[in-house]
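Annotated features, as they stand in Swiss-Prot:
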TOPO_DOM  1-182  topological domain 'Cytoplasmic'
REGION    1-109  region 'Involved in AKAP5 and PRKAR2A interaction'
TRANSMEM  183-203  transmembrane segment
TRANSMEM  212-232  transmembrane segment
TRANSMEM  247-267  transmembrane segment
TRANSMEM  274-294  transmembrane segment
TRANSMEM  296-316  transmembrane segment
TRANSMEM  321-341  transmembrane segment
TOPO_DOM  342-715  topological domain 'Cytoplasmic'
BINDING   Asp419, Val420, Asp463  Mg(2+) 2 binding site
BINDING   Asp419, Asp463  Mg(2+) 1 binding site
TRANSMEM  716-736  transmembrane segment
TRANSMEM  738-758  transmembrane segment
TRANSMEM  787-807  transmembrane segment
TRANSMEM  831-851  transmembrane segment
TRANSMEM  861-881  transmembrane segment
TRANSMEM  894-914  transmembrane segment
TOPO_DOM  915-1251  topological domain 'Cytoplasmic'
Amino acid sequence: MELSDVRCLTGSEELYTIHPTPPAGDGRSASRPQRLLWQTAVRHITEQRFIHGHRGGSGSGSGGSGKASDPAGGGPNHHAPQLSGDSALPLYSLGPGERAHSTCGTKVFPERSGSGSASGSGGGGDLGFLHLDCAPSNSDFFLNGGYSYRGVIFPTLRNSFKSRDLERLYQRYFLGQRRKSEVVMNVLDVLTKLTLLVLHLSLASAPMDPLKGILLGFFTGIEVVICALVVVRKDTTSHTYLQYSGVVTWVAMTTQILAAGLGYGLLGDGIGYVLFTLFATYSMLPLPLTWAILAGLGTSLLQVILQVVIPRLAVISINQVVAQAVLFMCMNTAGIFISYLSDRAQRQAFLETRRCVEARLRLETENQRQERLVLSVLPRFVVLEMINDMTNVEDEHLQHQFHRIYIHRYENVSILFADVKGFTNLSTTLSAQELVRMLNELFARFDRLAHEHHCLRIKILGDCYYCVSGLPEPRQDHAHCCVEMGLSMIKTIRYVRSRTKHDVDMRIGIHSGSVLCGVLGLRKWQFDVWSWDVDIANKLESGGIPGRIHISKATLDCLNGDYNVEEGHGKERNEFLRKHNIETYLIKQPEDSLLSLPEDIVKESVSSSDRRNSGATFTEGSWSPELPFDNIVGKQNTLAALTRNSINLLPNHLAQALHVQSGPEEINKRIEHTIDLRSGDKLRREHIKPFSLMFKDSSLEHKYSQMRDEVFKSNLVCAFIVLLFITAIQSLLPSSRVMPMTIQFSILIMLHSALVLITTAEDYKCLPLILRKTCCWINETYLARNVIIFASILINFLGAILNILWCDFDKSIPLKNLTFNSSAVFTDICSYPEYFVFTGVLAMVTCAVFLRLNSVLKLAVLLIMIAIYALLTETVYAGLFLRYDNLNHSGEDFLGTKEVSLLLMAMFLLAVFYHGQQLEYTARLDFLWRVQAKEEINEMKELREHNENMLRNILPSHVARHFLEKDRDNEELYSQSYDAVGVMFASIPGFADFYSQTEMNNQGVECLRLLNEIIADFDELLGEDRFQDIEKIKTIGSTYMAVSGLSPEKQQCEDKWGHLCALADFSLALTESIQEINKHSFNNFELRIGISHGSVVAGVIGAKKPQYDIWGKTVNLASRMDSTGVSGRIQVPEETYLILKDQGFAFDYRGEIYVKGISEQEGKIKTYFLLGRVQPNPFILPPRRLPGQYSLAAVVLGLVQSLNRQRQKQLLNENNNTGIIKGHYNRRTLLSPSGTEPGAQAEGTDKSDLP
């Protein structure tokens, strides 16, 4: 059995993955893909690396990789929000070369090499919500993360952050705690002095020297003044003054030591006070570690020099001086460990706070990106209506069953259709990049004109552009707006023609009436309009004249005679207009007006010779169109148009900001705000009990108690070092019984060595397996760790006190009858009973060494120690102290050694307990921040899943990666040419006859409901494995457009036409699907499908509403194969037939047909009807449905719920005095500042559930 079976993984083979557990009760989510499109793009989207809410380490050094555990038990099957699981989170970060371990197989650690981009098991990907390549470890923040060996961390002098701003914020973050510690230390010292004064006046054998009283009052006054200054300046954010006040406090205490050495102290020779000063310097004064070390060494050296130069004892020996030096060295060593590891813990807590703040900021950024993506699909008024309906939906899992369509009916609108004449020829002469650039600039210009003329762009269909006026805000002049829009479009296209020398023009049709608008289907959502009037506007365009605006009688009636018109004769050019007897007219516009440039066009700065290039643009110098998705995934994450007129969906009032900066500056600002909130200890009052510091939530307390203590080994090694110092101190003093003392300390050292061995065994493969298993269990078990800690403290305590048992003092003699010969020279250790107390103090400091030991347990242990010492010094061995006092302080105004010793221990008890309380509070606050950060990160993960759904429904995956993964500072528009692509159009000819706008079918809404079901079924077919190479492009009314072979992998695949076969299979599957729908809807719809293949140009155009589309002869031919086809049949041209017939498909020859736009140059086209497959494709697996798609309503619902949670947290964090959490986003929160509705109430809104 390998060691990896015993303890957690270490080394480069580790993989840090978090597999999100599907929500309970949601069967569909179990199969949802875990891989997100944002996986490799997070760093580029947010301009900084993703700082996760978990531990990361550095993989350097021979000691192993620096690693740490998952914050709240994030094992492989852990679901963070419930804080379930058995793994635990570490309290401290690990520096370079450090090593951390976990339970046997229960934890997974981060790997710095970053393999998160690999695909996970099950084919779904393993991203979870972290990507380690962009996740800096804690060591990335530190100048020096410390040195570790075999899991034991040793202090270093420099323990600061690399960033000055981060260091400044850290100092401010713990400013309040350090201020409080300094005040408590000074108050404790003042109380000690007052207690000494009272005891001295009541118990001293001689009156107090007046100079002692003056010095006592002076130093007490200094400390009171320091406390007052620190308290008065509590609002100061600078930590420098606090450090200087700490230096002043240290100087005052050291001066008192000097006074004691000169004979003017109340604590005898002052050794005990030196120990307290050293402990306070390292653990309670706000001094950097380097300053504390210098101060500690200075204090120790001063005391040793005073003992040598001005001896205060009757008998002084070199051994005694060395013992004092060793005593001070021990306290300095323990203090350095305590100070370094405490500061490390506080820095870790600060980093966790920073991670929490950054997670919240990223969540807000994800909210904004979600909103932008939604608004790129839907107009604002539709989003408002959906949010208003969803605002009270609280069921977390309802979004997975939420299938509502939102159809709005608007009366009195005008619809404009515009088509670029000559575009087909243009697409054959321009390169892909040039074509997409021209279209983007042209349609960006149209979008700008639409805004100026109060029109809403609906959709771009290849080279067709259509918009509506009077939607959503009703306008009396909607027809005028559309006519002016059309005139501006004609001016613009003629300007383009003059600049590019290409024969292009606009054919425009306008009709007035009513529309239904909304979004249908589950994939490639696009806002669209439907109605009989929309069809008429479309036919007016197709039956129009290039360069003229073709309008209907309904539109003419709305114009009120403001424009000159002439007969349009549309019936002569369009069968639909003739069949329905629609009168048409042409707007008469002076030719010179049409030839003039649009008013907003200024002279370009480019020369005409440059413009004659085939790649030339026509954009003027003062304006250039935005790139698609710049306002969504661009580096300047500016707020979307949400902030204008409007919706304050963003948490923490981010909508008031000009930019959302996710860089360090914004995070630091947020941390400053968090510091202000934290200063009120609100979090502590809400979650932590006052004295015990236990969590009020028992499950949270259990989770905290199960945390792995990453510095437990370091604490135990430090305790062992303290034992060695205790042994050295007592060995330096002479003993009459050397052998018993040798045996005693040998046993204690062996026992403590065994404790160290058993807790570090997992790092030594040479040790027995059972020992390594035991080691792993101890390190992961709260109770076992506490047993080891208590055993270590007990051993040190026994080492400090057992030597008193070997004293030769006759205990049978009553103390009151004792007489002492002051001239006698004692060379036995019992002659120095104060060292039993001093080493006992070191044993008490051992409690402070164990940073994670519960402060209440520390208090209990310390009280037991003091009780035992009180029992020994006041009763059994009181004579030792009396004899010592008579020998060294006879006749002086000196308080008894045993009284001073108990007071010294009481000082240490209070100091160690308070220090333990501060550390535990920091650790528990750290834990709370981590839990909160992890919850918010999981919320961000959910939002990213929604965003991935949104993005996947706007762009194909490989195109989305293009926009997310690359540095697009100077990047051109996305465009790509393909040589071997399959294109399919599938329409439902009978749906036009089925569609009617009557009261019975809710003015056409019920007809659209059925169309939504049909499109949704088609979309779900794309979720099958066999159709993974097919991309839906769009729906055009009741026509479904799909393409195969767009992914780069398929272009280089050996099976060049495998995707075309899949497209043919897909068309056959569509016919089967429509038959199933007919059975349930009692209809007889038939599909008319056209398929073609060849070269196309693909690209993304439009900045505010980006659209992915394809252009070229192949697209036109596929569309004509549909429009010239036969209901219930699949028509393909001869070239496509020649490929598919060899792939197992059967065909029926139709004959030669005339195809508009192609037959003019190439003659009639031979076409065939696809009948089906003759033989199955051996490479096609049985149909397996991939995870289902969510409706747009479901995605918006997820966004609303996330925003509600953020709003509730915000109000809680801000401690709203109203006591009422209004956490829901309703229609009022989404109104403009003036309080008016942003649009007219939609009529006929349908919100009933789909079957």
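Cβ coordinates are placed from backbone N, Cα and C, and glycine is handled just like the others.
With pairs at least 6 apart in sequence, the transmembrane segment (894-914) and the transmembrane segment (183-203) have 3 or more Cβ pairs within the 8 Å limit; the two touch. The Cβ of Asp419 (Mg(2+) 2 binding site) has 21 neighbouring Cβ atoms from other residues within 10 Å, across all protein chains displayed. For the transmembrane segment (831-851), the residues of the chain that approach it from at least six positions outside its boundaries are 91, 271-272, 275, 279, 283, 315, 320, 323, 327, 330-331, 334, 337-338, 341-342, 345, 711-712, 715-716, 718-719, 722, 725-726, 729-730, 733, 789, 792-793, 796-797, 799-801, 803-804, 858, 861-862, 865, 869, 873, 877, 880-881, 883-884, 887, 897, 901, 904-905, 908-909, 912, 915-916, 919, 923, judged by C-beta separation under 8 angstroms. Counting every protein chain shown, the Cβ of Asp463 (Mg(2+) 2 binding site) has 21 other Cβ atoms within 10 Å.
Residues 790, 793, 797, 801, 804, 807, 809, 811, 813, 815, 818, 830, 833-834, 837, 840, 843-844, 847, 896-898, 901-902, 905-906, 908-909, 912-913 of the same chain sit 6 or more residues outside the transmembrane segment (861-881) yet have a Cβ under 8 Å from a Cβ within it.
Sequence-distant contacts of the transmembrane segment (787-807) (same chain, at least 6 residues past either end, Cβ-Cβ under 8 Å): 715-716, 719-720, 722-723, 726-727, 730, 735-737, 740-741, 744-745, 748, 751-752, 755, 758-759, 778, 828-830, 833, 836, 839-840, 842-843, 846-847, 850, 853, 861, 865, 868-869, 872, 877, 880. Applying an 8 A CB threshold to same-chain residues 6+ apart, the list for Val420 (Mg(2+) 2 binding site) reads Leu426, Leu442, Asp463, Cys464, Ile493, Val504, Asp505, Met506. Sequence-remote contacts of a segment are chain residues at least 6 beyond its ends whose Cβ falls under 8 Å from one of its Cβ atoms, and for the transmembrane segment (212-232) they are 179, 182-183, 186-187, 189-190, 193-194, 196-197, 242, 245, 248-249, 252, 255-256, 259, 264-266, 893.
Taking the mean position of the Cβ atoms of Asp419, Val420, Asp463 as the Mg(2+) 2 site, the remaining residues of that chain whose Cβ falls within 8 Å of it are Ala418, Lys421, Phe423, Gly462, Cys464, Tyr465, Met506, Arg507.
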